[in-house]
Structure formats: structure tokens, C-alpha cells
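Asks: Per TrEMBL, domain 'Amino acid transporter transmembrane' is recorded for 2-375. The annotation transmembrane segment is assigned in TrEMBL to 20-43, 76-95, 115-132, 144-166, 178-198, 210-233, 253-281, 293-312, 318-339, 359-379.
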Amino acid sequence: LQGIFVLGLPYALLHSGYSGLLLIVLAAALCCYTGKILIACLYEENEDGQLIRVRDTYEDIANDCCKKLFPNLGGIVVNVTQVVELIMTCILYLVVSGNLLSHSFPYVPVTEKTWSVIAFVTLLPCIFIRTLKIVSKLSQLCSLVHFVIIFVVITYCLTQMHQWSWAKFRLSLEFEDFLVSVGVIIFSYTSQIFLPTLEGNMNNPGEFRCMLNWTHFFACILKTTFALTAFLTWGEKTKEVITDNLPSFLETLVNLCLLTKALLSYPLPFFAATEIVYSCISKDNHSNYRSPLLALTVRGSFLMLTLLMTMFTPHFALLMGLSGSVTGAAMTFLLPSLFHLKLKWKKLSFLEKCADISVLILGFLCSLAGIVCSIKGLLKVFG
């Protein structure tokens with residue numbers, strides 16, 4: 001829940017004003033809600049009224065929703081969407097790593113893409129990741145590094161309290177800038193792709209809803225505190241990535257921490273993407289699914305794909321925005337609410353149906369707005 005997007009939250013407040021604070025809270029509530037209804041779609045009641053997990057993955061949910069008309073279409077769409085988003089996330093971490101190394105060592109005569117290749121070399125051991133336990137340990141280290149970054153930035157901001165002013169908040173907003181802020185805030189919370197696997201690997205899945213409530217609550221508090229203190233410190237001078245506002249001696253330290261965080265973040269989407277491919281292969285040929293050679297081939301192919309796209313894709317940020325608007329909004333808002341309505345319609349109350357429909361409409365509007373802004377950006381770049 002505490003991804004690279006968090007560093008853009010102060011900049012989002014610059015373009016959204018007081019409404020940005022409300023959006024941070026609202027986004028936490030919405031993402032927590034869609035996470036819960038997505039997991040609810042994994043369960044059905046048996047004859048005794050007990051909830052039984054009858055589906056294991058996002059793909060299973062999609063296939064059950066579409067089985068009357070197109071038995072496998074839903075699963076294919078979900079898998080493709082998931083893999084695209086996960087690959088784009090992996091590439092983003094490589095791009096960010098190259099950028100951070102370039103800014104941390106400006107006097108070294110090496111291009112940003114070469115730095116990305118150097119970062120890629122450190123990720124080669126990902127080929128040997130076979131279980132979620134290894135990924136979870138790396139994610140724990142990633143969280144520790146992230147808290148160090150947040151602590152350093154907030155501590156510096158607190159030393160500048162004498163210049164804080166609420167007058168720095170905007171009252172008038174530009175629509176396109178506001179949409180960018182909405183995207184940054186919403187997608188700083190997204191985690192729905194990983195939730196079915198996470199819930200399935202919990203020692204006590206019954207605690208999942210409680211866990212989701214507390215994680216989103218603390219994420220909301222931390223994001224609000226971080227965004228607010230940083231924006232009050234720099235105001236109109238707030239940059240897209242807040243660490244660029246720090247004094248040079250702190251900026252280098254924080255950039256190296258960010259580099260560590262980006263590299264530690266890579267294994268989670270990488271593991272999730274390869275697991276999706278494995279599950280598809282296992283349906284066709286179960287014996288090959290357990291082949292160590294096949295496993296290494298798939299992981300190695302994914303690693304090389306992320307490197308090649310990092311090196312040769314022009315204007316990656318705009319393409320990331322375009323794909324993120326489609327896949328991110330779909331996986332976070334559209335599909336969870338649509339599947340929940342389809343599978344649980346008869347058991348939902350009127351208010352629950354209204355909530356799902358509202359989230360569905362919101363997801364569609366966010367996706368549409370993001371697509372329009374991204375396409376406009378691409379058209380401007382390509383003349």
C-alpha cells in the first residue's frame with residue numbers, strides 16, 4: 001500500500017487543494033471496500049450456511065461470471081489485464097532505478113539506461129524465487145526502507161514548521177491537473193491483484209477483513225501526514241517527486257533508499273506475473289508445470305522482457321499512464337464491483353447494490369478520464 005506513488009502525493013495536493021485531503025481518505029475507503037468484495041467472490045455458502053472457498057484466483061471469479069456465454073473469456077481477459085499491469089509495474093521499477101542512480105551519481109559518465117541495466121543485474125536472482133515466503137520477506141524489508149524515507153522527509157519538514165501556512169492550499173483548480181491528482185492518489189492504494197493469493201496464504205483467512213481495515217486505516221493516516229507536512233513546507237515549489245525538494249545531502253541519501261525500495265519491490269509483481277503464467281500452463285500440461293527448466297525459462301523470459309521494454313520503449317511514462325488507466329481502474333474498481341454484483345446479486349441488500357454500482361461508475365469515469373489525458377499527452381509528444 002506504500003508504493004512509489006506516495007512520493008507524488010504532496011504534488012497531488014498542489015493541484016487538488018483541500019479536496020486532495022478528502023480524496024486520500026475516500027480512496028482508502030473505496031480500495032478497502034473493493035478488496036473485501038473481491039475476496040467475498042471467492043466464497044459461497046454451503047447447505048449449513050458456512051462460507052466455503054470455492055474459487056482460488058481472480059481468474060476463477062471471472063470464469064464463473066462468464067461461464068454461461070463464454071466459459072473461458074473472463075479468465076483470459078483478467079489474466080491478460082493482470083499480466084500487463086504487473087509487467088508495466090516491473091518496468092516502472094527498472095526505469096525508476098535507472099533514474100535514481102543517474103541522479104545519485106551525476107558525475108559518473110553513464111547514461112540512465114545503462115544504470116537501468118546495472119539495476120537489472122541485481123535482480124537476476126529473482127529467477128530462483130519459488131515461494132511467496134521469500135517475496136514476503138523482501139516486502140518486509142521494502143516496508144522498513146519506506147518508513148525510513150517517510151521518517152527522513154517528515155522530520156525535515158517538521159524542522160521547517162515556522163514557515164508553514166494553510167494559505168498555500170489552492171481554492172481554484174484546473175480540471176486536467178485535478179484528474180492527475182486523482183490518479184496519483186487512487187493508485188497509491190491499489191493492491192487488488194495480490195489479494196486472492198495473499199488471503200489464500202494467510203494462516204487465518206478469517207482475519208483478512210480486519211487486516212484490510214487496519215492496513216488501509218494506517219496507510220491513510222501515514223499518506224495524509226506525509227502529503228500534508230511536505231506540501232505545507234514547500235507549497236507552490238513542490239515538485240513531482242517530493243525528494244527532489246530536499247537539500248542535496250538528504251536527497252542523495254533518500255534517493256539511495258528509494259533505489260533499495262524499488263529493487264525490493266520488483267519481486268512481488270514479478271512473482272505474481274509468473275504465477276499467473278504457471279497456472280495457465282498447468283491446465284494444459286500438469287507435468288511440465290513442475291519442470292524446473294520450464295520455471296527458469298518463464299522467469300528468465302519475464303526478466304528479459306522487462307529489461308528490453310525499459311531500454312527500447314519511448315515515452316514510457318505516458319504509456320504507463322495509458323495502460324494504468326485501463327488496467328488499474330479495471331482491476332481496482334470495475335471488475336470487483338461487476339463480479340460482486342453478478343455472483344451475489346440475490347444476497348445483496350439495496351444499499352450494497354447501490355454501493356457496487358456507484359463504484360462501477362466511478363471506476364469507469366476514472367478510467368475514461370485517464371485514457372483521454374494519456375492520449376492527449378501522447379499526441380502532444382508525437383506532434
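Including glycine, each Cβ sits where the backbone N, Cα and C put it.
These numbers come from a predicted model, not from an experiment.
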Asks: Can we call the transmembrane segment (115-132) and the transmembrane segment (20-43) in contact, meaning three or more C-beta pairs below 8 angstroms at a sequence separation of 6+?
Replies: no
Asks: Relative to the transmembrane segment (76-95), which of 178-198, 293-312, 359-379 accounts for the most Cβ pairs at distances under 8 Å?
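Replies: So the stretch in question is 293-312.
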